[in-house]
Amino acid sequence: MSNIVCCFQVGFQAIAEALGLAAIKAIVAITAIIAGGRLLLRPIYKKIAENQNAEIFSANTLLVILGTSLLTARAGLSMALGAFLAGLLLAETEFSLQVESDIAPYRGLLLGLFFMTVGMSIDPKLLVSNFPIILGTLGLLIGGKIILVALVGRLFGISIIAAIRVGLLLAPGGEFAFVAFGEAVNQGIMSSQLSSLLFLVVGISMALTPWLAAGGQLIASRFEQHDVRSLLPVESETDDLQDHIIICGFGRVGQIIAQLLSERLIPFVALDVRRNEASLSPDLRF
């Protein structure tokens, strides 16, 4: 009996040491990548912008993504994590809008390729033979996420209808689950059969996204009350305005236009259906 206890203690200690070393290694690698990226990316992109060469700009963006992915792979982490870190680093630079514009064609192409691989990896025989298990797991995933997201939304003061709608939108599984399942199989944490079943569940949940979104829209249109009193402050604030410009939509382009109008002392009113965007308008409104 004592030998068995000793074996368990030794095994647990070895696992704890391995996990600790892996965590330290991951923290050091991620910190080094983020620090190096923040120091190098801005000067490099500024130099490229001075040359006004769009091809070099796009090539450098791809180089950053692939290089960061390769560094994380060499550090024993997943390449998907490297691509994620590259996205965070690029988003912090003042050239993020140009980067987003450059990768837009690739984004649609790669998303299509990704969903093609998801569909091709689904095994119909496995789906039929384990249909009750997959259906039950799918119900737990979607139902659990709807309830969890709705409760969190209520804690943040969102109306119950809006919280349910957000829950329906976020109910499907995410793409990163496939990366996690693959890594779990490689590390021996999860069996390949269990990974295949969960892969099916996540893939089916993603395929249900349009119907879940439509259901949320239907619930919102049926039960959500639109209070016209929220428009009264807008009416009272704009009574004295004459010969002004109306900006419909206060996103990126709307805010740039508002800034230009403010610099030229041209009166305007910015309208947006999104509350968080509209809340910015008093600071720029002239």
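The backbone N, Cα and C atoms fix where each Cβ goes, and this holds for glycine too.
Residues or ranges marked as transmembrane segment by TrEMBL: 18-41, 62-91, 133-152, 158-182, 194-213. The feature domain 'RCK N-terminal' is assigned by TrEMBL to 242-286.
Proximity of distant same-chain residues to the transmembrane segment (62-91), defined by a Cβ-Cβ separation under 8 Å and at least 6 residues beyond the stretch ends, is recorded for 22, 25-26, 29-30, 33-34, 37-38, 41, 99, 176, 179, 183.
Over the domain 'RCK N-terminal' (242-286) the predicted model carries a mean pLDDT of 70.
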